[in-house]
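A.B. asks: Mind looking over this structure? Questions follow.
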Amino acid sequence: MDSRLARLTTLQTSAGEELRRTSIIGTIGPKTNNPETLVALRKAGLNIVRMNFSHGSYEYHKSVIDNARKSEELYPGRPLAIALDTKGPEIRTGTTTNEVDYPIPPNHEMIFTTDDKYAKACDDKIMYLDYKNITKVISAGRIIYVDDGVLSFEVLQVVDDKTLKVKSLNAGKICSHKGVNLPGTDVDLPALSEKDKADLRFGVENGVHMIFASFIRTAQDVLTIREVLGEDGKDIKIVVKIENQQGVNNFDEILKVTDAVMVARGDLGIEIPAPEVLAVQKKLIAKSNLAGKPVICATQMLESMTYNPRPTRAEVSDVGNAVLDGADCVMLSGETAKGNYPINAVTTMAETALIAEQAIAYLPNYDDIRNCTPKPTSTTETVAASAVAAVFEQKAKAIIVLSTSGTTARLVSKYRPNCPIILVTRNARTARFSHLYRGVFPFVYEKESVSDWTEDVEARLNFGIEQAIEFGILKKGDTYVSIQGFKAGVGHSNTLQVSTA
């Protein structure tokens, strides 16, 4: 039974003994920022710690990093990755007089201004916006959302270079420092604010493994971030967050220069009509899969578990369908940052992802990816694809990859084998950021290399087999496929072997 439909007719409805291959990202907040809770989250399935730099001081974020590392001392397990999520360039309202929240009735006409004299003197008649060019990029008839769409305004008139006349489309309250969205409008905000640049430098100094870059609109935005990261941050992975129509429109060019992608559905669902988010999610994930770039699905995945011990059935389906779409990782935000049930949320996400993975028709999926990948491929990718083909033909239980940079493991993951990928590397950073790749189980080999290359390969391979057996991935006598290089260094993975444990 190779067809997708035939596979679904035999689908097991329980998790069974399979190992989850989708990685879980959890945002760390005050309720989870301690080593003991981080250990519990890791045991439940957490792979990547996310720090949200829209909130918190450097002192606080440093404590998250320290506690994440302390959790590894308490519970070694698999290595934990740390991600820095930038605040990004945003448009916000000014400060209301005495910080009052002003009620706004429907059809209420008022002024939006960029005049600095109103920055701290806003009310229900005049509201300051901190985007100086708004009058240049917007026109009458356009919609402006305030506070994640809680309030909607129609632009009636561009009065002058600092002033818009607007009309409310619904009732609500207008407040200080709320986010502003301009759906359907191309904005010219810089890729990085001064705060973002300082935050990136903090990330480099403190050894984060990846950057979640907010509000990416163009490929140049990614190059700007890479420039700020500099030589010391050259091995930090950049994950672009696609959150607006510009990012969607320019996605093909962005994909060429980024390391990974996040479909950030929160702001995206405000910037474009919410029903279109479904199609955009599937499209961006498919393009990322074909490019061999890892992709994260994020925002409101188990939102109700912030305050409830059980998710809604729709949320469970959302997580499962993201896995079926091809997401390498799924992410929790408030559920683990401020929620009452963070460990429950990770456990629920892990169990849901595991069952969803069993619904994937792996062989047809492999054929799709292989047929749609432009030829010729690199030697490393050819070997990676062949290793996955060997898994199907040999019914192998694992692929063991000996790698320095992690590129081979990423390319094996691209072809979505129906078994775990054991990555053995001496590079601890490679092990950590490889959590971005679906199915990759990283292990750090700490022994020094020996001069005899064959002996060194055999030692690392045996280590990989030992780890796979310890984690229940392999049993004695199981078939596995291995990939290694013919000599030391990066980019030489060209040897494939089928063996038994």
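Don't overthink the numbers, they just go from 1 along the chain as shown.
From the backbone N, Cα and C atoms, a Cβ is placed for every residue, glycine too.
Feature list, courtesy of Swiss-Prot:
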- Arg50, Gly266, Asp267, Thr299: substrate binding site (BINDING)
- Asn52, Phe53, Ser54, His55, Arg92, Lys178: ATP binding site (BINDING)
- Asn52, Ser54, Asp85, Thr86: K(+) binding site (BINDING)
- Lys241: site 'Transition state stabilizer' (SITE)
- Glu243, Asp267: Mg(2+) binding site (BINDING)
A.B. asks: For the binding-site residues Asn52, Ser54, Thr86, Thr299, which one has the sparsest Cβ surroundings, going by other Cβ atoms within 10 Å?
C.D. replies: Ser54
A.B. asks: What whole-number Å value do you get for the CA-CA distance of Thr299 (substrate binding site) and Glu243 (Mg(2+) binding site)?
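C.D. replies: So the Cα of Glu243 (Mg(2+) binding site) lies 11 Å away from that of Thr299 (substrate binding site).
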A.B. asks: For the recorded K(+) site formed by Asn52, Ser54, Asp85, Thr86, name the remaining residues of the chain with Cβ within 8 Å of the site's Cβ center, in chain order.
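C.D. replies: For the K(+) site the neighbour list reads Met51, Phe53, His55, Leu84, Lys87, Gly88, Phe212, Ser214.
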A.B. asks: Show me the subset of Glu243, Gly266, Asp267 whose Cα is within 10 Å of Ser54 (ATP binding site); these are the binding-site residues I mean.
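C.D. replies: If one measures from the Cα of Ser54 (ATP binding site), no binding-site residues come within 10 Å, so the answer is none.
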A.B. asks: When neighbour density is defined as the number of other C-beta atoms within 10 angstroms of a residue's C-beta, which of the binding-site residues Arg50, His55, Arg92, Lys178 has the lowest density?
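C.D. replies: Per-residue Cβ counts within 10 Å for the binding-site residues Arg50, His55, Arg92, Lys178 bottom out at His55.
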A.B. asks: What binding-site residues among Arg50, Asn52, Phe53, Lys178, Glu243, Gly266 are found with a C-alpha within 10 angstroms of that of Asp85 (K(+) binding site)?
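C.D. replies: The binding-site residues close to Asp85 (K(+) binding site) (Cα within 10 Å), listed in sequence order, are Arg50, Asn52, Phe53.
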A.B. asks: Quick one: Cα separation, Arg50 (substrate binding site) versus Thr86 (K(+) binding site), in Å?
C.D. replies: 10
A.B. asks: So which binding-site residues are near Asp267 (substrate binding site), with CA atoms within 10 Å, out of Asn52, Phe53, His55, Thr86, Arg92, Lys178?
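C.D. replies: So the list reads none.
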A.B. asks: Which state, by DSSP, holds Asp267 (substrate binding site): helix, strand or coil?
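C.D. replies: Asp267 (substrate binding site) sits in a helix per DSSP.
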A.B. asks: Greatest CA-CA distance (Å) over the residues Asn52, Phe53, Ser54, His55, Arg92, Lys178 that the record ties to ATP?
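C.D. replies: Looking at Asn52, Phe53, Ser54, His55, Arg92, Lys178 as a set, their Cα atoms extend up to 18 Å apart.
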A.B. asks: In terms of Cα spacing, which of the recorded positions Thr86, Lys241, Glu243, Gly266 are within 10 angstroms of Asn52 (ATP binding site)?
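C.D. replies: Taking Thr86, Lys241, Glu243, Gly266 one by one, the ones whose Cα falls within 10 Å of Asn52 (ATP binding site) are Thr86.
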A.B. asks: Taking each of His55, Arg92, Lys178 in turn, which of these binding-site residues have a Cα lying within 10 angstroms of the Cα of Gly266 (substrate binding site)?
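C.D. replies: Close binding-site residues: none.
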